[in-house]
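Quick look at what Swiss-Prot annotates:
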BINDING   Asn200, Met229, Tyr258, His294, Ser314, Arg315, Gly316, Asp355, Ala356, Leu357, Arg358, Glu394, Tyr421  substrate binding site
BINDING   His398, His462  Zn(2+) binding site
BINDING   Cys544, Cys547, Cys552  [4Fe-4S] cluster binding site
COMPBIAS  85-100  compositional bias 'Polar residues'
REGION    85-105  region 'Disordered'
Amino acid sequence: MTTSSDNLFCPEQNFYGPASKKIYVDGSLYPLKVGMRKITLSKTYTLQESSFSELPMYDTSGPYSDPSAKIDLQKGLPCIRDTWQTQQKETRPSNQSSHKPLNGRTPIRAAEGGSVTQMHLARKGIVTPEMEYVAIRENQMLEEWIERFSIGGNTFSPVTAEFVRDEVARGRAIIPANINHPELEPMVIGKNFRVKINANIGNSALGSSIQEEVEKAVWACRWGADTVMDLSTGSNIHQTREWILRNAPVPIGTVPIYQALEKVGGVAEELTWEIYRDTLLEQAEQGVDYFTIHSGILKDFLPVAARRMTGIVSRGGSIIAKWCRAHKRENFLYTHFDEICEILRAYDIAISIGDALRPGSIADANDEAQFAELKTLGDLTLKAWEYDVQVMIEGPGHVPLNLVAENMTRQLEYCHEAPFYTLGPLVTDIGAGYDHINSAIGGTLLASLGCAMLCYVTPKEHLGLPGKEDVREGVIVHKLAAHAADLAKGNPTAWLHDNIMSTARYSFAWEDQFNLSLDPVKARKWRKESSPEQGENIEEERFCTMCGPDFCSMKKSQEATE
């Protein structure tokens, strides 16, 4: 294992302070360097006969938090996967488009008729570098703690590369990792792993620039986004995505129908399969790791959706619905699904099968249209698996709290345990300005029941294009939701994080509390603002301004036992 020096890179983004160091954990099967953060604690904490003077943390920031890294956004991040791609021998140069990557690499694809997907290799019994990488990440160097930990009579085992392989082979987990995204630090999405979160970014016809979107993508990674979706619908969609990909250490997803629509001047009726196919190939060669494709909305579902309070709220779904009505034909993303899968398996692109008929209001939740489409998504999942294509299923939406659990039950039944990826769900329709909290409430419950990844919502949801601070708020709130779900599922590393935080709080170890929080910047700032007279001596205070020195329950509790 190698460790970087002091965390000085990008001081304005030095979120975690000098107690946090970037470290790299070596692989045992492959020449891997798996990035994590290590927090040095102010004291040693003893929990279940294990002692901790430092805590390794799961880290999504890539090289951006490494002071030794030489970051040049013009050139992109280092191509770390080039040295360990097992699929290389099964590939050939790709000439499907005129795309020229910023990093100068020649795009590659599977040999004619071949497959290079993680599922294909997993089903052949091969443990790939990506599988070992994500196993190391999930364990956070805490294998000994995981084996000792028990709760409610349940015991646990560390994640192994073989376990990851088996989950991917079964379709219960995916590793989104296009062979043309060599800058990627692989991660896993599945109900038997840490709950992940996705951050949406992207320009619109009314705002933002390439620079702003790249900055938002990096910002989201720094705050903890496990994946990022570029949902650009404005100008320069292709160039924006290229800059994001070359500087992204996390998987990047897109909705290709947006760029296809741009090519026909925004006129949905003029879309064709050929235009869409060419768009898939362009994005595949760029390195997009997963596509949201709305193949499950069928023309027979449209009359049912028309009776809803809020109709079709999916942008991609509304585009396809308009095309189907105009041409009086079936959705071409459904009729050409086999051809789509052939493209996906050639580049190892996962498919997020889109829920075009997700409810956009609680009145429409769990209705006939939503569940009819969900059954179709299950059928498409089986078809994609015939091609060894990795699949996750998109979910709602707006769902009142009492109907949330049914979504998970039906998804597991209809979609054969493929990972569930949901936008919330939002549990009320009146949260404008606070819909990130609204989303996190439903997301926490759904993730505790088995949802694998939560798509964040920002405070600007339903109101406008989010800026950097909105991205930060959305990421932090959904990290909180994901972590709460991990606790409910008994995740040992999540419980350790909470238990050390609680012990630090009881012992008034303020710096440890800041460093262990999801937003150390805000925690440190608000604590110091509440006691400005203490200055740098805040560690000596055994109370906060909420209760003061005479009414602090923890202080009194300690005094009572002395």
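Any Cβ shown, glycine's included, is placed from N, Cα and C.
Recorded residues Tyr421 (substrate binding site) and His462 (Zn(2+) binding site) have their alpha carbons 20 Å apart, per Cα-Cα distance.
If you take the Cα of Cys544 ([4Fe-4S] cluster binding site) and the Cα of Ala356 (substrate binding site), they are about 49 angstrom apart, rounded to a whole number. With all protein chains in the displayed structure included, the most crowded Cβ environment within 10 Å among the binding-site residues Ala356, Cys547, Cys552 is that of Ala356. Between the binding-site residues Arg358, His398, His462, the minimum number of other C-beta atoms within 10 Å of a residue's C-beta occurs at His462. When Cβ neighbours within 10 Å are tallied across all protein chains shown, the highest count among the binding-site residues Tyr258, Tyr421 belongs to Tyr421. Of the candidate binding-site residues, His398, His462, Cys547, Cys552, the one lying closest to Arg358 (substrate binding site) when CA atoms are compared is His398.
Pairwise Cα distances among Asn200, Met229, Tyr258, His294, Ser314, Arg315, Gly316, Asp355, Ala356, Leu357, Arg358, Glu394, Tyr421, which the record gives as the binders of substrate, peak at 20 Å. Across the fold, the C-alpha of His398 (Zn(2+) binding site) and the C-alpha of Ser314 (substrate binding site) stand 12 Å from each other. Counting every protein chain shown, 23 other Cβ atoms lie within 10 Å of the Cβ of Asn200 (substrate binding site). The separation of Tyr258 (substrate binding site) from Cys552 ([4Fe-4S] cluster binding site), Cα to Cα, is 55 Å.
In the three-state DSSP assignment, the secondary structure recorded for Tyr258 (substrate binding site) is helix.
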